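Here is the structure we will look at.
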Amino acid sequence: MTRECASPAPGPGAPLSGSVLAEAAVVFVVVLSIHAAVWDRYSWCAVALAVQAFYVQYKWDRLLQQGSAVFQFRMSANSGLLPASVVMPLLGLVMKERCQAAGNPYFERFGIVVAATGMAVALFSSVLALGITRPVPTNTCVISGLAGGVIIYIMKHSLSVGEVIEVLEVLLIFVYLNMILLYLLPRCFTPGEALLVLGGISFMLNQLIKRSLTVVESQGDPLDFFLLVVVVGMVLMGIFFSTLFVFMDSGTWASSIFFHLMTCVLGLGVVLPWLHRLIRRNPLLWLFQFLFQTETRVYLLAYWSLLATLACLVVLYQNAKRSSSESKKHQAPTIARKYFHFIVVATYTPGIILDRPLLYVAATVCLAVFIFLEYVRYFRIKPLGHTLRSLLSLFLDERDSGPLILTHIYLLLGMSLPIWLVPRPCTQKGSLGGARALVPYAGVLAVGVGDTVASIFGSTMGEIRWPGTKKTFEGTMTSIFAQIISVALILIFDSGVDLNYSYAWILGCISTVSLLEAYTTQIDNLLLPLYLLILLMA
């Protein structure tokens, strides 16, 4: 969620705005910083990928402006190909480095596979844009071909045959998911957001299939399996019901009863047996024992329940104000939408300090609930479908231009990804000392604190605007200052954080991500925590 509306995209043939160039400059600063920290052949691949994505992004932008893209994308932003293309490769690089430092060869190879997969799906998105651009952009094709050739050559000599097959499997799943979900969900994503979200889902689906076929006793962590099964299960459930309701009216009582029955069938007949096969235990019994294992967990669950009730009361209060308002198009003000950011900060911070595994599971359950309620709202499932449509429409912004409302799901993802993405075996042996100790707090800092403070101060006090945007200098500066204060508070309350005098790097990471927030038109709830996570891990 941003503090001001994004600037409209320029018309066909218009020169690129300064905001697009500034966003690209910030992304290149991040890429070169990771390259300097890692400095190996994979980091050179990331630089080559960023260069070709910078040129191809222009083609995607023009396709969007002319309406020539294959699918309908979100029009209130640029394509976002460059910032999205480098996320998975950079994440894989820093994961490889941290796991190598921790002496974990399995997750070191896993990081290389993540980087290679990210480069493969990014190159596919580039080839797609170049293939449908008319006339064919010769110079950009040459640049992309050279970069792609270098990347393929290096990866060919770095990956085993099994790893190459794994990358190709993810790419195949990504292609099919693009064709299915972008058709079913027009105007929900930009090309960059689709690359990031669908690429992540494709990778998780492939991991789940791979682990299901090779499962052995005591393999893997139940927490990881729980996340994989829940996310993949909810996505497949959505595709199933989307296909089904093409042939029947989803708003009738008969369809609603069928929806709830099929949800139970899929949950009890597919998801739970699948999870049981992976963890070798009764999933419901394991979850119950896990949630109530300690007294601290019981207190945390009670505290989070109170916060969830508070969030519901905020929604009801804002809708009551709309009912009493004379304007039929009354929308919640920016500050009201940021209440939810404060609530998630109050939710995640104690969880990170006191019990991260519990937060891991609770965030997964919450994501499943959010996605299920969005299905109920989208398909108008009785008895809550129409009520949810009315309640949530108050909090829409220009980024919810498609049939789905995704900003609250992106907020949850942005806060949770730093908890989910870092392999726990690689956090042992002190491998997350210094600035890396703040990695679990990346979502809290970037979205919960930084974006919230920037939005409030920028919209109420900001006067000096960044060139080419409606974002303000005052909002960005107060965002940086608030995140620095938050780091100081984390040092006070979390005894496990020792920054080892890496204050300059932390300030640089926070400032860079805050500048990206000022210039990007992508979903910052999702993008900013990932960039801060990558920089802190480096």
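Numbers run from 1 along the shown chain.
Note: Cβ is positioned from N, Cα and C throughout, glycine not excepted.
Because TrEMBL annotations are produced automatically, they should be read as predictions rather than curated entries.
Between the listed ranges 44-64, 401-421, TrEMBL ties the annotation transmembrane segment to 401-421. Between the transmembrane segment (257-276) and the transmembrane segment (338-354), the number of CB pairs under 8 angstroms, six or more residues apart, is fewer than three, so the stretches are not in contact. Contact check: the transmembrane segment (499-519) against the transmembrane segment (107-130) gives fewer than three Cβ pairs closer than 8 Å, residues 6 or more apart, which falls short of the contact criterion. Below 8 angstroms of C-beta separation, residues 1, 74-76, 91, 95, 185-189, 227, 340-341, 344, 348, 352, 356, 359-360, 363-364, 366-367, 370-371, 374, 377-378, 392, 395, 439-444, 446-448, 523, 525-526, 528-530, 533 of the same chain, each at least six residues beyond the ends of the transmembrane segment (401-421), sit close to that stretch. Looking at 136-155, 225-248, 360-380, the range that has the most CB pairs within less than 8 A of the transmembrane segment (167-185) turns out to be 225-248.
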